[in-house]
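To start, the structure itself, in C-alpha cells.
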Amino acid sequence: AAMLNQTEVSEFILLGLTDVQGLQHFFFICFLLLYLTSLLGNGAIVTMVVFEPRLHTPMYFFLGNLSCLDIFYPTVTVPKMLTGFLFGHQPISFGGCLAQLHFFHFLGSTEAVLLATMAYDRYVAICNPLRYALVMSPRTCLLLAVASWSTGFVHAMMHSVMISQLSFCGHNHICHFFCDIKPLLGLACSTTSLNMTLLNVVTTSIALGSFTLIVLSYLYIISFLFYKV
C-alpha cells in the first residue's frame with residue numbers, strides 16, 4: 001500500500017553494465033553472440049534428447065532438463081541487457097521487475113538443485129551399477145526433476161512475495177543490468193531486514209546444500225574408483 005505523502009514508484013530504470021559508448025557496442029556484439037551460441041547449443045541438446053530413443057536414459061533426461069533451463073535462464077536477463085547496450089538506460093515496470101527477479105531466482109536455484117541431482121545420478125551409476133536401473137527408475141527421475149523445479153519455484157516465489165510487500169517511494173535507478181534482490185532492497189523505503197535474512201539464510205542454504213551434495217557425490221565416485229584400481 002502507498003504510504004502517505006509519498007509517491008509510489010511505478011517503474012525502475014536499469015542503468016546497465018557500462019556507460020562507456022565504445023564499450024557498449026563491443027559488449028552488445030559479444031553478449032549477443034554468446035547468447036545465440038547458448039540458445040543453439042542447448043536447443044540442439046533438447047531436440048536430440050527428445051527425438052533420439054537411445055537417449056531416453058536418466059542421464060540424458062536430466063541433461064535435457066538442464067539444457068531447457070540454460071535456454072530460459074539467460075533469456076530472463078540478456079535481451080533487456082542487449083537493448084540497454086543499444087539504447088542506454090532501460091525503463092522496466094514494477095511488475096516486469098518482479099517477474100524478472102522471480103524467474104531469475106526460480107531458474108537459478110532449480111539449476112543448482114538439478115546439478116546436485118545429476119551428481120547423485122552419476123554416483124549411483126558408477127558406485128551401484130547393478131542397482132542403477134532399479135534406483136533411478138523413470139518414476140524416480142521424474143520425481144527428482146519435479147522436486148528440482150518445485151524447489152526453485154517456491155524459493156523464488158518467497159522472494160517475489162516479500163519484495164512485492166515493500167514500499168518504493170523515491171530513487172528508482174537500479175545500478176545493475178537486471179532486477180536483482182539486493183539492488184532493489186537498497187531502493188526500498190520500508191524496512192528490509194527480513195528480506196535480507198531470507199536472502200542470506202534460504203538462498204545460501206540452497207546453494208551450499210547443492211554444492212555439498214555435488215562434492216560428496218564426486219568424492220564417493222573418486223574414492224570408489226580409487227579402491228577399484
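Glycine too: its Cβ is placed from the backbone N, Cα and C atoms.
Quick look at what TrEMBL lists:
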- 26-51: transmembrane segment (TRANSMEM)
- 41-229: domain 'G-protein coupled receptors family 1 profile' (DOMAIN)
- 58-78: transmembrane segment (TRANSMEM)
- 98-120: transmembrane segment (TRANSMEM)
- 141-158: transmembrane segment (TRANSMEM)
- 206-227: transmembrane segment (TRANSMEM)
Cβ under 8 Å to the transmembrane segment (26-51), counting only same-chain residues 6 or more beyond its ends: which ones?
17-18, 60-61, 63-64, 67-68, 70-71, 74, 78, 81-82, 85-86
Mind checking which residues reach the transmembrane segment (98-120)? Cβ under 8 Å, same chain, six or more beyond either end.
59, 62-63, 65-66, 69-70, 72-73, 76-77, 80, 92, 144-145, 147-149, 151-153, 155-157, 159-160, 163-164, 178-181, 184, 203, 206-207, 209-211, 213-214, 217-218
